[in-house]
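Single-structure report; data block below.
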């Protein structure tokens with residue numbers, strides 16, 4: 001049986017393409033990529049934890065670990081779904097404006113706030129920026145015809161990763177070479193973010209989105225081709241009479257209802273379940289490490305002088321390695337239906353070892369190196385998981401699958417935070433937390449190894465259609481990257497996992513967590 005995603009690709013290739021694109025689409029794409037680059041220019045972000053723990057703010061490590069950072073997980077869980085739906089309903093640009101305003105609020109609270117409550121409000125604002133990242137990753141596809149989606153995803157992702165890398169390097173140079181205090185770095189970050197907010201005002205709002213704004217565009221507009229689920233579930237020919245009949249018909253024929261029904265049927269696919277479970281459990285652990293690693297670094301090396309802190313260099317190196325491993329994953333050619341669990345278990349074992357190394361070492365450089373490798377290992381599997389999940393699904397259904405995965409991972413991450421980190425729970429120190437996370441990854445690795453052993457013992461030859469090859473050798477499935485979380489919102493655009501969209505194709509950081 002041919003996967004539905006391949007059928008959709010074949011049908012799409014046989015349909016007439018959409019009308020002519022605007023002559024200025026290249027300028028629009030360049031402008032949006034420039035905006036994406038500038039929005040990542042936050043050179044002070046890698047040094048927020050030493051800034052909060054230093055003489056500028058003078059918070060204690062316990063306050064930051066057990067009272068401030070946990071708010072990020074809680075607030076992200078609350079705003080995730082509403083922001084996702086508003087992104088589609090308002091057609092991206094208003095949510096980009098909200099993201100820009102939230103970034104400005106984050107740095108204003110960081111510079112002007114002096115209490116734990118102020119820092120908790122800062123985390124709430126940052127959670128809004130995290131949830132709103134889907135707007136940028138989706139917006140760019142509204143500017144071009146579907147044939148250009150893959151290239152546009154590459155452009156936007158490159159712009160964002162280049163911005164993250166440049167920001168980290170600039171911050172490190174200003175600290176190590178320019179002897180700049182952390183407070184001045186944050187003022188520079190605020191200036192960059194204010195400029196990016198101004199850039200948002202000149203973005204052109206698109207005319208269509210996935211869930212709420214699905215009316216067919218006029219002839220000649222970009223994106224006039226009907227979406228895949230529109231073709232799968234056409235509107236009824238005869239109107240339903242009566243208020244009750246119309247209400248029941250609307251529920252039965254609603255787009256989301258069809259997607260949920262299709263999602264239930266898709267859940268029976270073993271590879272989809274396997275990689276979705278990996279996404280949920282590994283993403284939860286990964287982001288807990290990312291949130292708290294900067295506090296761990298401050299404990300390993302307590303510095304009074306800013307020139308001895310190399311957090312920016314570690315963030316830049318992890319961004320670069322993550323990009324390299326994500327690219328290399330596209331050329332891995334194995335029988336994924338047979339060896340997926342072995343690969344996942346091996347990577348999880350490596351991650352457990354690296355977390356243990358970060359916990360046990362007193363050498364800050366070794367701790368930095370372990371963190372860089374940890375992120376690189378995670379980013380190696382992210383594009384593979386994205387491809388395995390999306391290869392047999394329609395693009396609209398991919399958005400829902402990645403959204404559900406991200407939401408479940410957020411629930412798990414929040415639950416662990418409440419039990420382990422929050423002062424209302426165990427309120428453990430960052431060192432004890434990392435020991436628990438090490439055991440977490442080790443248990444996941446053992447479970448996957450046991451599953452792989454059972455699969456190899458009971459293995460039977462599989463149809464060729466199920467022997468998925470590497471993403472680089474498959475027929476293009478217009479995938480942008482990797483989290484994350486909730487996917488692309490365009491009529492036919494590929495989904496982007498929300499937490500791994502755009503900025504964290506390589507990592508999502510809280511303002512305190514990334515510091």
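Cβ atoms here come from the backbone N, Cα and C positions, even for glycine.
According to TrEMBL, the protein carries these features:
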type: REGION; residues: 1-21; note: region 'Disordered'
type: TRANSMEM; residues: 68-87; note: transmembrane segment
type: TRANSMEM; residues: 94-114; note: transmembrane segment
type: TRANSMEM; residues: 159-178; note: transmembrane segment
type: TRANSMEM; residues: 184-203; note: transmembrane segment
type: TRANSMEM; residues: 277-297; note: transmembrane segment
type: TRANSMEM; residues: 309-331; note: transmembrane segment
type: TRANSMEM; residues: 338-358; note: transmembrane segment
type: TRANSMEM; residues: 364-385; note: transmembrane segment
type: TRANSMEM; residues: 397-419; note: transmembrane segment
type: TRANSMEM; residues: 434-457; note: transmembrane segment
type: REGION; residues: 482-515; note: region 'Disordered'
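The stretch in 68-87, 184-203, 277-297, 338-358, 364-385 that contributes the largest number of Cβ pairs under 8 Å to the transmembrane segment (434-457) is 338-358.
In this chain, the transmembrane segment (277-297) lies in contact with the transmembrane segment (364-385); the count of Cβ pairs under 8 Å, excluding pairs fewer than 6 apart in sequence, is at least 3. Comparing 68-87, 159-178, 184-203, 277-297, 397-419 for CB pairs under 8 angstroms to the transmembrane segment (338-358), the maximum falls on 277-297. In this chain, the transmembrane segment (159-178) lies apart from the transmembrane segment (397-419): fewer than three C-beta pairs between them fall below 8 angstroms, excluding pairs fewer than 6 positions apart. Between the transmembrane segment (68-87) and the stretches 184-203, 277-297, 309-331, 397-419, Cβ pairs under 8 Å are most numerous for 397-419. Tertiary proximity for the transmembrane segment (184-203) is limited to same-chain residues at least six positions away from its ends with a CB under 8 Å from its CB atoms, namely 31-32, 34-35, 38-39, 41-45, 47-48, 51, 93, 96-97, 100-101, 103-104, 107-108, 110-111, 139, 171, 174-175.
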